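For reference, the structure discussed in these notes is given below.
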Amino acid sequence: MSQKQLKEAFISNLNGTSLLEISAGLSLPPLCLLCRGLLLILHYLHHGKPVSSRKNSLLLDFLVLVSPLVFSCTVLSPIIFFIPFILAAFCAGIFFKIYSQRKREARAPFGQIVKEFQEACLDPECIPAITVFRVYVNVLTSISILAVDFPQYPRRYAKAETYGTGVMDLGVGAFIFGNALVCPEVRQKSHRTQPRFSSLARQVFSVWPLISLGVGRLLSVKSIEYHEHTSEYGVHWNFFFTLALVRLAASVLLAIFPKEKAWLVAVALAVLYQLLLSTTPLKTFILHGSDGRGSRLGFLDANREGLLSLFGYLAIYLASVQVGQWLLQRRSSVRGWLGALKGLALAVLALWVLLQLCQACTEPVSRRMANLPFCTWVLAHCLLLLGFFVLTDLTLVFTQLLVKGSSVPCCWKVVQPPDSRKKQGMEATPVGRQDKLSQLCLISAINKNQLLFFLLANVMTGAVNILIDTIHSKAAFTLCILHLYMFFNCLIMYILHARNIVLKFW
């Protein structure tokens with residue numbers, strides 16, 4: 001077999017992993033974020049000032065936010081169920097150290113601290129959990145697209161061939177989910193006062209970078225005979241095209257139907273698509289082609305997975321629009337977000353039950369078809385991860401109240417209770433040094449240029465695969481390559497962020 005055939009066989013005919021293992025892996029990014037925040041608060045407690053060196057800030061962020069994820073999906077994957085407990089114990093140790101070493105004048109009864117925490121006001125204009133979710137989906141995707149070509153990356157984490165739940169299968173759906181959370185339809189406050197089709201032309205124009213990237217990837221892959229998994233999207237299709245078409249179709253549907261009813265459209269679309277899969281020859285066509293033997297004749301036949309899975313991805317996008325609207329409802333207090341966290345937990349529980357029913361009554365999860373179980377699974381795990389991030393942010397808010405003046409970048413800004421400010425005739429103001437710290441944050445850096453980060457990761461992945469025999473690499477060499485690859489990508493984003501450069505002109 002040629003090198004191309006070897007690499008294609010290496011990522012083909014896989015069956016995914018268990019839902020429990022994926023859930024355990026999803027707990028790692030929030031724990032890394034919590035660990036970073038607690039370390040910064042502890043540093044402030046001891047030195048009376050935040051980390052001021054940009055180099056130290058970058059190294060800390062990379063070592064705590066990114067490096068553990070590289071290890072957990074490679075050499076530490078056999079003990080993936082123990083890693084969350086180890087990180088949680090480490091975070092608990094830091095927290096108790098902060099709690100015990102507070103300044104005497106700042107010490108208050110624990111009950112009073114809890115009461116202040118529940119009544120604390122948060123900046124209602126920013127929901128850091130959404131930003132962190134989108135950044136971490138990008139980071140995890142960037143790690144996986146290169147790591148999957150190395151033998152240290154478990155085959156069960158890679159995309160499943162037909163049925164199954166691989167980590168990378170979830171990544172595809174999570175990308176759609178994250179994009180929908182901040183789509184114009186969600187962020188547009190004056191939607192009701194504007195004509196429904198007024199922004200549709202703008203949306204058509206805004207997807208041209210994705211289409212250009214899709215065309216660029218298609219031409220480059222075919223020209224250098226780069227290895228590709230044909231049954232993933234088809235012969236000519238790729239994920240950039242899926243992102244562009246889903247966004248366009250969603251904009252059209254949201255211009256026709258009220259965005260407050262987006263979840264109804266999503267349910268109708270997903271159920272109708274599943275009925276077609278179950279009652280017509282559509283499923284056979286997707287899996288086996290027009291002749292039943294895997295033919296790739298004609299554009300539709302050649303790209304059947306990518307084209308027909310658009311219905312499932314569109315349902316995920318529309319449901320995520322509804323989630324985005326719910327999250328952006330004005331909640332200015334910790335108490336309000338504790339209620340929202342309870343709502344997220346109930347939604348995850350309901351979706352888990354629905355997932356079991358869908359699989360029992362229809363078929364297993366299939367990313368290749370983007371069937372109803374796949375849509376349900378993606379929404380359940382994305383809401384679970386989002387809930388983890390909200391819980392992490394609230395924990396860091398509580399810890400900041402223990403150490404007056406401390407703050408954490410990409411975490412909620414704590415503002416003084418409005419009642420106490422009104423007595424002085426003043427408005428609520430942020431506490432801490434968030435503006436200064438926000439300039440020293442890897443999450444903010446990646447968030448500013450997310451599409452560039454994803455594109456750079458794809459280019460670097462291709463370069464590494466061309467230059468290195470990844471399939472026969474040893475563990476130490478694999479870890480070095482993955483760390484250098486991720487650090488280079490993060491460093492570019494950090495430099496652009498430090499110079500306040502945002503490469504977006506559409």
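Any Cβ shown, glycine's included, is placed from N, Cα and C.
Marked as transmembrane segment by TrEMBL: 22-45 (among others). Non-local neighbours of the transmembrane segment (22-45) in the same chain are 51, 60-61, 64-65, 68-69, 72-73, 80-81, 83-84, 87-88, 90-91, 94-95, 97-98, 101-102, 132, 136, 140, 165, 167, 170, 381, 384-385, 388-389, 391-392, 395-396, 399-400, 402-403, 405-406, 408-409, 411, 437; each lies 6+ residues outside the stretch with a CB under 8 Å from one of its CB atoms.
Feature annotation from TrEMBL assigns transmembrane segment to 79-99 (among others).
Within the same chain, residues 184, 236, 238-241, 243-244, 247-248, 251-252, 255, 451, 455, 458, 506 sit at least 6 positions outside the transmembrane segment (200-219) and bring their C-beta atoms closer than 8 Å to a C-beta of that stretch. The transmembrane segment annotation in TrEMBL covers 200-219 (among others).
The transmembrane segment feature in TrEMBL is assigned to 239-257 (among others). Tertiary proximity for the transmembrane segment (239-257) is limited to same-chain residues at least six positions away from its ends with a CB under 8 Å from its CB atoms, namely 172, 175-176, 179-180, 183-185, 196-197, 199-200, 203-204, 206-207, 210-211, 213-214, 217, 233, 264-265, 306, 309-310, 313-314, 317-318, 321.
TrEMBL lists 264-286 (among others) with the feature transmembrane segment. Sequence-distant contacts of the transmembrane segment (264-286) (same chain, six or more residues past either end, CB-CB distance under 8 Å): 253, 257, 292, 304-305, 308, 311-312, 314-319, 322, 358, 362-363, 368-372, 375.
Beyond its flanks by at least six residues, the transmembrane segment (306-328) meets 127, 129-130, 173, 176-183, 185-187, 233-234, 237-238, 241-242, 245-247, 249-250, 253-254, 259-260, 262-263, 265-267, 269-270, 273, 282, 286, 300, 340, 343, 367-372, 374-375, 378-379, 382-383, 386 of its own chain at Cβ-Cβ distances under 8 Å. Residues or ranges marked as transmembrane segment in TrEMBL: 306-328 (among others).
Residues annotated as transmembrane segment in TrEMBL: 340-357 (among others). Sequence-distant contacts of the transmembrane segment (340-357) (same chain, at least 6 residues past either end, Cβ-Cβ under 8 Å): 326-327, 331, 365, 373, 376-377, 379-380, 383-384, 386-387, 390-391, 394.
Taken from TrEMBL, the feature transmembrane segment covers 377-398 (among others).
If you look at the transmembrane segment (451-468), the same-chain residues 6 or more away from its ends with a CB under 8 A from one of its CBs are 7, 138, 141-142, 145-146, 149, 209, 213, 217, 220, 224, 226-227, 481, 485, 488-489, 492-493, 496, 503-504. Sequence annotations record features per position, and here TrEMBL assigns transmembrane segment to 451-468 (among others).
Among the features that TrEMBL reports, transmembrane segment is placed at 474-496 (among others).
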